[in-house]
Amino acid sequence: MNGLTSSGAGRSVDIELGQETITVELDNLDSDPTDVLDLLKEGQCKVWVWTKLASEYWRKGYLDAAEKIGQAAVESFRDHGATSSLPPVYSLLANVQIARARNAPKIILPHARQDDMSKEKAKADHYRESAQMLNSSERAVAESGQDFDPTLAFLTRGIQQLATRSLDDALRTFEGVLVQKPTNVVALLGKARILYARRQYPQALKLFQQVLQLNPHCLPDPRIGIGLCLWAMNHKEKAKAAWQRSVDLYPDGWAAQLLLGLEAVNTSKDESKEVTERTQALVTGTKLIETAFRANNRGAAAANALCELLLMKGNYGRSLKLAERTIQFADTLSILTEGYIRAGRVCHAEGSYSEAGRHYSAASEGNPNHVLAAIGQAQMQLLNDEWPAAIHTLDTLIQHPNPQKSLEAMVMLASIRSHQRPGVSGSDMAKEKARARELFDRVAKELHLYEDRPALNGNSANALPRSLRDIKDDMDMHAEVARLWQEDNLDRTARALREALRISESTGQVDPRLLNNLGALQHLDGHPEEARLAYERALTSAAGLASDVGEGMSTSILFNLARAYEDEGDEQLAKDAYDKLLTRHPEYVDAKIRQAHMLMDMNRQNEAHDLLKQALSSQNNNMNLRAYYTYFLVNSTSSKVTKEFIFATLKDHDKHDLYSLCAAGWIQYNQARESREQGSKAIEERRQGFRRSAEFYEKALQLDPTCAFAAQGLAIVTAEDALGSLAGGVPPGSSSDEAQRRFKNARDALDIFAKVRESINDGSVYVNIGHCHYVRDEFDRAIESYESASKRFYNGQDVTVLMCLCRSWYAKAIKDQSFQAMNTALRYAQQALHLRPMDKVTLYNIAMIQQKAAEMMFALDTTKRSLQELQRAIEHAGHAQKLFASLASDPSPVVPYSKDIADQRKKYGDSMLRRADEQLAQQRQHEAETQARLTAARQKRQEERERQERLEREEMERLRKQAEELAEERRKAREQALEWSRQVKDLSDEEDIDRPRKPRKTSKKQKGDTSGDETANDGKRKRRGRVKREKDTDGVEAVAEEEEEALFSEDEGEKTTKKRGTKKRVVRDDDEDDPDGAHGPARKKQM
């Protein structure tokens, strides 16, 4: 017989061996169960003894011994053919496997560097074996046919389902147990865990609390679950109290210590607390997490938290081991992802980029929406020059269908898109920059960057999380934003640079490059004074840097400062700055070029030429220098020398130099256009020159399709039909065909100029657009383009543009027959003459406009002109005669006009002016007749107006008199009505005096107090008839008669009174006769 005994000395199990009884002390079990197994087998103990001893071994931590006892029990009972007793043993072995699974790795990394688990058994294998044991238990029960209590099997099955995340099956299992045993603690705990996993926190809290009530010493401690539910329900202080109570009761419990440690670490990140308090929280949290990990070094959550703390300290060796431990033992996707990310971070910091990439990729595959995983993976892809893959990774993170709001990812993606990459065309790069701007704009909107509200960039910035503040204070990001907008929006560029400068100033060391760039923006915006101040400050800041860094910055800043002096007009300071720069760097070609330009502006061409030659002798291959020298030759020497230098540049230095190609196209075009020679050979040479010009422009466009200058040159060739009629290559045909061709060429050129205008902010583009519109007889548009060029780029000081405006207004005046337009054309010509007083072409044009204006006025009908305009035109025509006479008699041998035509114009003007008096007489007669008609019409309108006013006055007088009569009648009627009212009042007063008063009625009356006659008399009421408004002298008598007629029976009197009560002006007496003749209270009279 086997039995369990318990005494004050301890607990024990008695095992009978024949006549001998062996007692096994349960509190003193040896770790080796061999002797116990021999006793159990020899004594053929019952199944509960086996399971009891196995459970005791398990409770003491001897899990292997417990498993050996269970396996030996299975063998023993099988040998004796008692398999029907094995279900409890199978349940025990299943629980053993589940317990082993808790400490087994879920994933075994094949190439783990620090935490090698290749010899361990995976968690899935243990779960599979536990399922097999449970299935064996069910088969044994079915084969035995005995009635076993299924609770143990159901609980084991539920625990196994819960461990394998089969939550629905586990819930059904636990609920089945609770139906039979509502207070089963294991089932309640299992159901509570499932409800918590489903985020049904209030329901889970109730179950955990119920477990605590049923068994205050239950393990695992329900206080941990209570704290988790309270934390999820935002009762954090209560949650901490529950966990702290668990630690107090079970100091070795790792779960509560881990939770308290995590809470303390999170508290250390709260910036609203004091530094000392945050430091103490971090120290406390670290100690708690380390204690939890030591208590359960195979817990993924503790390993993950401790890994992060070691990463912060830079302990990469232990961090990697803990990260690998987290990966291999993680039970949830979130912890698994965190483990991969931290392993990737360690490898990234150590330079193992391929391994880090594998970890980041594994994290992204498990959780595609995890921000850190995507950013880490994109970083590794960038290090491997996989730019498209990095863009795709970040795009997938922030785009639909599952967009993640991560400003860090947006900034990183925008930075990648804005970076020039190999294999990306210009058009694609433009789209990429547009997307980058959009992303930066979204970030700026979220962080309220670049706004003019100080509150957003001031104190409220501290309310942002630290990660967002790091983005907001990222100087490189602002510099990148500025670089993105520098070609399209200088205002936004300036705002971004100012923000970067603010951040740089907050560090105490201002970056000179920011000041230099801000100064350059002010310089380009036309504010050289502000630019100079920025340059000077940048120069001072650069002087404080190391020589190897500051010298290079100082050189470019000093050059910009000299340019600012130059634009301010302080030539001496500019010259001193350039000299100082050349003293430091004698071969600084840009400084020499600016000095030469200053000399050229002062008309010191020879000195400028010598300086440029000196620079060319030292740096003959400098293409910028050769380009400026080409510009100098164009403006100072003959076209032959310029052409030779340009072709030498293309031949000996760089045949693909865009500036030289465009310059060659320009000079070829001008030489061919200005050629005045006739003959077939000359025509062929001119045609060849135009063709070569077009070829140079086309070659420049092939090398750079965005070269706007080449496109503009080719558009000019097209607009002027330089390869057709202008070159003499097209025989003169009908004027209509030529006009159509010019219209078409101008239209094609307009399309090109419109695109060029988007790239070149220069007045020449607008002038060329105006030329095209002029050719197409679109004079209004031509004027608009010329006006834009003159006002925006030349400040109204360019003679060529002014004469183009003059020509357009002249053509518009001729087309519209508008004297006003002709005056506008004359005004522009006079402005050009003011700028060039000795320009004879302008004088000729002024004379022509003045004469044409008079001719146009003479041709107009008298109704379409005024005498003042005609007199002014005749006056201008007289002035034109003087100009034509002066131009015709000019003694100069070469003049830019024909003297014969000028003389003919003078003679034509003389003949035209002979008709001036006749025209004036006609105009005066017309205007006199018109004035007479106007005067007569005005007089007629005046007379009609006076007649209407007279009729209106008469009508007003009639209405006034009528109103006075009506007012008089109303006054008399009111007086008569008042008189009648006084008479009626007097009569009423007299009747009240003569009539005896009724006594006040008592509250209760006795029968027989009064006679029937008195009662009848009391019931009668005297009623007064109404007073009619009539113009009758006997008004009082009429009232008396009506009073007598009012003495009817009671019913009739009531009806009459009711009927009359709805009419106006009725006098009613509501007083009743007092039967006793007493004077009662007077009642009110109503009128």
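Every residue gets a Cβ built from N, Cα and C, even glycine.
Note that the structure is a prediction, hence the values are computed from the model and not measured.
Features reported for this protein in TrEMBL:
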type: REPEAT; residues: 185-218; note: repeat 'TPR'
type: REPEAT; residues: 555-588; note: repeat 'TPR'
type: COMPBIAS; residues: 918-930; note: compositional bias 'Basic and acidic residues'
type: REGION; residues: 918-956; note: region 'Disordered'
type: COMPBIAS; residues: 940-956; note: compositional bias 'Basic and acidic residues'
type: REGION; residues: 984-1087; note: region 'Disordered'
type: COMPBIAS; residues: 1039-1053; note: compositional bias 'Acidic residues'
type: COMPBIAS; residues: 1057-1066; note: compositional bias 'Basic residues'
Segment confidence, the repeat 'TPR' (185-218), expressed as mean pLDDT: 94
Secondary structure content, the repeat 'TPR' (185-218) (per DSSP, counts of residues): 27 helix, 0 strand, 7 coil
Helix, strand and coil residues within the repeat 'TPR' (555-588) as assigned by DSSP: 28 helix, 0 strand, 6 coil
The compositional bias 'Basic and acidic residues' (940-956): DSSP-derived helix, strand, coil residue counts: 17 helix, 0 strand, 0 coil
Helix-strand-coil residue split for the compositional bias 'Basic and acidic residues' (918-930), DSSP-based: 13 helix, 0 strand, 0 coil
